[in-house]
Amino acid sequence: MADSNMDAGTTTSEMVAEEVSLFSTTDVILFSLIVGVMTYWFLFRKKKEEVPEFTKIQTTTSSVKDRSFVEKMKKTGRNIIVFYGSQTGTAEEFANRLSKDAHRYGMRGMAADPEEYDLADLSSLPEIEKALAIFCMATYGEGDPTDNAQDFYDWLQETDVDLSGVKYAVFALGNKTYEHFNAMGKYVDKRLEQLGAQRIFDLGLGDDDGNLEEDFITWREQFWPAVCEHFGVEATGEESSIRQYELMVHTDMDMAKVYTGEMGRLKSYENQKPPFDAKNPFLAVVTTNRKLNQGTERHLMHLELDISDSKIRYESGDHVAVYPANDSALVNQLGEILGADLDIIMSLNNLDEESNKKHPFPCPTSYRTALTYYLDITNPPRTNVLYELAQYASEPTEHEQLRKMASSSGEGKELYLRWVLEARRHILAILQDYPSLRPPIDHLCELLPRLQARYYSIASSSKVHPNSVHICAVAVEYETKTGRINKGVATSWLRAKEPAGENGGRALVPMYVRKSQFRLPFKATTPVIMVGPGTGVAPFIGFIQERAWLRQQGKEVGETLLYYGCRRSDEDYLYREELAGFHKDGALTQLNVAFSREQPQKVYVQHLLKKDKEHLWKLIHEGGAHIYVCGDARNMARDVQNTFYDIVAEQGAMEHAQAVDYVKKLMTKGRYSLDVWS
């Protein structure tokens, strides 16, 4: 048994050994196969990936080269580049004028949108002989860069690039009624110097509250002699008229390829695709358009735009931008006085084939479309337009007057101020008053600036109205010194936008949302003090709606105070019922209304602020309250700010200078916010 058991055991051991050996061999074979397959797959996969990777690298390289403005300047023989930061088109217009000036000095210039180029390329600019970078930089809102200059601003803040050898000059566009007057232009000028660039002429400060055109002309007439002296060049002659675009008339054009008012992509209004922005606005349906006031002297209105299915998101305090259309009667009058067929399909093509800007507005299109949707025909034209138009005045006196107004002489500046600006003469009025002035319509379309979007503070909260954006506006209409009646382009156009009726017609508004820093505090318990006379109440309707919504959600909400001003309670008390309802429900802690014309002595919002000075100081100093001011920048905002200086000085027992510093620190911390206009 023992032997049998031993034999049996031996046999079992051998069998186990054989099994172990068998599985080990199988494992090795399988492992080898797996490794082989994986290796082959990996190599195969890698090869397959190398093709798109290589293509991607080529694309990136090409893209980088396209964004090199220095390479473009070398290729096209230019040595002056004029960058513009523009929100309303004025800075871009000034940049174009400066780039055209260059030819008078044997130089070649180009205007450039900083958004389209890599500004790190500035360090390579000295590779071009007698190269100069000019910056026409507007300031938007409260010291912010314009949308197209935001990336440039961010780059300047982050970079430490050496700009030694770079020559530059800056002209800033701003408004002195704003707290941060010309902040962007001043920053660019200072920062470029810090990075080693050489300023060849003093910073220019344009003030739109005064005469921006005169500020620019005065700076420009001193700037070019400084450039000549620096580079050792001389002017080649008098300023001459040089066409930038050539006319092409289309006699047999497929209408499907013709622009009919789109801002960017052809047929974008027929085939709407997000995201929606300045170059791709959303066509919103007007669902509500009601008059807010009882009086007949002015028309104040509340509109609601449907943004369902647009994927547009907004927050209380944001702005809505709308693209208006010019009055068809004005357009028709222009066509008649120029003897032009407005329905001709045409294109204006840039004579500079290397330019990024192929057309002054979307082409091909008709003159009617251009004058209705693309060109500004209601603002007084600038001096460069008058200079170019003068050649078409056949009557010597009219020709002389136009050239004089376009000159930099004191007499010319005074005449332009009085005859054009103060009289608010638009292009049609000038053509009517100068009968011999009859320019070709295509040249006029080349000269007129682009019609710009108008911005309105959104008068709703997305928490309550996620599918609609509300606008509060006053229709502008006034008589000029010449007896003409001028109307606001956008507000008159909005006023006529009737909601869909029984006939099924829809009133549409091209729009997009622009983000703002005008925001409610992060903590709902933080008290808010809102000051907004007239249509300045608009963003506060959204703020109050949001605070009311938070209360309905069971959230604890801090004190909400509104200081609102209007003329009379029975004339222009906007959102009267809504505000009374919020006050009754407790969402609005205090509703303080100043009526400026209801009693012999005028009462303004600042008077009501002084009346509540003790409580306001407690909310600000102890409660961490946030202050918001919306409305007129020239008078109201300044007076309100001075009132807060007085309150802080008196209640905080401070000297005036200390009180000013206290309020300025509130601004720096985001506790004193402004949404103002002039």
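Cβ coordinates are placed from backbone N, Cα and C, and glycine is handled just like the others.
Together with ARG298, THR535, SER596, ARG597, LYS602, VAL603, TYR604, VAL605, GLN606, Swiss-Prot lists one candidate of ASP327, ASP341, ASP639, ASP646 for binding NADP(+), that being ASP639. For the FAD site, Swiss-Prot gives ARG424, ARG454, TYR455, TYR456, SER457, CYS472, ALA473, VAL474, TYR478, GLY488, VAL489, ALA490, THR491; the one candidate out of TRP224, TRP617, TRP677 that the record lists there too is TRP677. Mean pLDDT, taken over the domain 'Flavodoxin-like' (80-224), works out to 95 on the 0 to 100 scale. For ALA138 (FMN binding site), the Cβ neighbour count at a 10 Å cut-off comes to 28, with all displayed protein chains included. Nearest by CA distance to ARG424 (FAD binding site), out of the binding-site residues SER86, ALA138, ASN175, TYR178, PHE181, is ASN175. The Cβ of VAL489 (FAD binding site) lies under 8 Å from the Cβ of PRO324, ALA325, ASN326, ASP327, THR378, LEU451, ARG454, each on the same chain and at least six residues away in sequence. Most buried of the binding-site residues TYR178, PHE181, TYR455, TYR478, judged by other Cβ atoms within 10 Å, is TYR178. Neighbour counts of Cβ atoms within 10 Å were compared across the binding-site residues GLY89, GLY141; the minimum falls on GLY89.
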